[in-house]
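Visitor: Sharing the feature lines straight out of Swiss-Prot:
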BINDING   C12, C103, C199  [4Fe-4S] cluster binding site
BINDING   H43, H81, H131, S227, N229, S272  isopentenyl diphosphate binding site
BINDING   H43, H81, H131, T171, S227, N229, S272  (2E)-4-hydroxy-3-methylbut-2-enyl diphosphate binding site
BINDING   H43, H81, H131, S227, N229, S272  dimethylallyl diphosphate binding site
ACT_SITE  E133  active site, proton donor
Amino acid sequence: MEVIKITPRGYCHGVVGAIQLVRRVARDPNVPRPIYVLGQIVHNRHVVEEMEALGVITLDGEDRLSLLEKIDAGTVIFTAHGVSPAVKIRAREKGLYVVDATCPDVTRTHELIAELVSRGYEVIYIGKKGHPEPEGAVGVAPGHVHLVERAEDLEALSFAPGQKLAVTNQTTLSQWDTQALMEQVKARWPQTEIYNEICLATQQRQEAVARMAPEADLVIVVGDRRSNNSNRLVQVAQELAAREAHLVDSVEEIDPAWLKGKRKVAVTSGASTPTHITRAVIEFLEKYNVEVEER
């Protein structure tokens, strides 16, 4: 099987920084115990399992403020997705030792929102509902940041004539979908200022898939199902490159039926996918003998 290794792929700088920070904290005997992560440090179960092996406890499943109430003492780590100011304030009130692993790109978006709202803007924020990154961003200025996921959500919004408006977004969305939605916002409210915050790593990975996937018969994206950026890579392969594409968490999830009749398979991975997981997928495919397997 010929494998096209799409590059860039895998870890982005924000994920690398977050993982390295947790490792350092876990190995530091001076850091108060127990050590908690408020949500998954990044959306990948393999990374979460590594953190748990280091003695770090992952709290997941609710909004960040609710999760925080489960912690009475010790250390709390904020994930790469960022948290709202209310979460930071509550952590200090509880006397917790705080470690902030927020991606610098997310921090920049929070600062942008705060600055815009301080100047009298209402902010339309394009993001995935239920994802922790929009939760933190909307929490920067509750009541002034309006979360929309699709065009239909715009129908519920109304602003006073002359209201200053800005639109920005979650960093890991499809850049094409985001641009299309921003154009719809601009068409409805022409005074809207546009601030596209798709991070460079997301852009580069999506553009690489759009460029290289057409050379393949099949695209496999290695990533966690909760990883928004991984899911967007599948979307790009299917919608822009018009290729069959599948998301797998590990090599064990590859269905041989996908490979039947295929000669070239392109492989990429999400920004939170460990390198060794992707390497195992590539090695499996390179050794896969289509003729033998199809007999």
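These residue numbers are counts, starting from 1, taken along the chain as shown.
Yeah, the Cβs are placed from backbone N, Cα and C, and that goes for glycine too.
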Visitor: Report the largest Cα to Cα distance, in Å and rounded to a whole number, among the residues H43, H81, H131, S227, N229, S272 that the record lists as binding isopentenyl diphosphate.
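Guide: Value for the max Cα separation, rounded to a whole number: 15 Å.
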Visitor: Which of the binding-site residues C12, C103, T171, C199 has its Cα closest in space to the Cα of H131 (isopentenyl diphosphate binding site)?
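Guide: The answer is T171.
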Visitor: Which is it, of H43, H131: the one of these binding-site residues whose Cβ has the most other Cβ atoms within 10 Å?
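Guide: Sorting the candidates by Cβ neighbours within 10 Å, the top entry is H43.
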Visitor: For the binding-site residues T171, S227, N229, S272, which Cβ has the most other Cβ atoms within 10 Å, all shown protein chains included?
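Guide: Going through T171, S227, N229, S272 one by one, the largest Cβ count within 10 Å is at S272.
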Visitor: Show which residues of the chain containing C199 ([4Fe-4S] cluster binding site), separated from it by at least 6 in sequence, have their CB under 8 Å from its CB.
Guide: C12, G14, C103, D105, T171, T172
Visitor: Taking the Cα atoms as reference points, how far is E133 (active site, proton donor) from S272 (isopentenyl diphosphate binding site) in Å?
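Guide: Here the two Cα atoms lie 14 Å apart.
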